[in-house]
Amino acid sequence: MTVLIAKDLTFEPVVHRYDWTVDEVRELLERPLMDLLWQAQLVHRTANPGYRVQLASLLSVKTGGCQEDCAYCPQSMHNSSDVEGQPDLVVQIQTVLERARAAKDAGADRFCMGWAWREIRDGAQFEAMLAMVSGVRELGLEACVTAGMLTEKQASRLADAGLTAYNHNLDTSPEYYDQIITTRTYQERIETLQKVRSAGITLCCGGIIGMGESTLDRASLLCVLANINPHPESVPINGLVAVEGTPLQDLPAVDPLEMVRMVATARILMPRSRVRLSAGREQLGREAQILCLQAGADSIFYGDSLLTTSNPDVKTDRELLSQAGVHANWEESDE
């Protein structure tokens, strides 16, 4: 299928590209909003017909005490906001699978599990992770894990357990990265993505806006993502949730239209990736969320909490999707 991209209000057939320049991406990102939305709509309708939205539920399995110094994160041991809790491993497995079953019953397609780690380490906790992945897959759900860096062998074992996707965000541009994180390099993130893909696991990789970065930084982040070949299977677009006790606690909320622009540009650059409207969605309001769905978002986190921040409840999201006229799995689950 040919993907159509509009330029100066004319149609121009374009195949998937992996050689974008930052200047090209910035030009897209800064287009007049109506033109940008129109172009994103053309790509979205062509590449992703049916207006179906994937519902992903997210659970924090291991919370707090992370060695990384990510400036936005309340789970970092470097920040005064650090929260921590580690249930017994046996109870943990049972509880996670119960939560996954409840998420499926509510209409979720994918169950995502998060561990606040710098890296995965072999041992009982990794074995528990593998059991959780297998259990989630047996329920008929896609399984996604986010747990920091990993080895090739660990990636292979996760693939054998049935893992659908591994989340490892780039967070921001290579140029701005050191302003946000100093305990892990950008190159280490890229290498983690390569190990995941080599194991046959799909990539979930995106970033965060609203951390003090420039428009050029946002364009640079999107450029890196769009030049991954093939494109990441899913691309979460997050708006900063400024949490007290983190270095970014005093930053203002993201302008909702800036989120719309990021979603629209991501859709144009990566036509068949799932563009996931992620953290910060509560701050957007109904109208901006609907604009994001129009611009190309075809996945949301579903449920009243993310890792450590709040999220719209299920009833609110069902109403939103119905008002927007998009379809999701919960419609079939209620029949």
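The backbone N, Cα and C atoms fix where each Cβ goes, glycine too.
Look at CYS66 ([4Fe-4S] cluster binding site): DSSP puts it in a strand. Taken from Swiss-Prot, the feature [4Fe-4S] cluster binding site covers CYS66, CYS70, CYS73, and the record attributes it to sequence analysis.
The secondary structure of CYS112 ([2Fe-2S] cluster binding site), as reduced to three states from DSSP, is extended strand. What Swiss-Prot records for CYS112, CYS144, CYS204, ARG276 is [2Fe-2S] cluster binding site.
Annotation comment: Swiss-Prot describes 51-281 as domain 'Radical SAM core', evidence class sequence analysis.
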*Any same-chain residues 6+ apart from CYS70 ([4Fe-4S] cluster binding site) with CB under 8 Å of its CB? Would you list them in sequence order, or say none?*
SER76, ASP171, ILE180, ILE181
*Sorry to bug you, but what's the C-alpha spacing from CYS112 ([2Fe-2S] cluster binding site) to CYS66 ([4Fe-4S] cluster binding site), rounded to the closest Å?*
18
*So what sits near CYS204 ([2Fe-2S] cluster binding site) in its own chain, CB-to-CB under 8 Å and at least six residues off in sequence?*
CYS144, THR146, ALA165, TYR166, ASN167, HIS168, PRO232, GLU233, SER234, VAL235, PRO236, ARG276
_Alpha-carbon distance [CYS112 ([2Fe-2S] cluster binding site); CYS73 ([4Fe-4S] cluster binding site)] in Å_ = 18
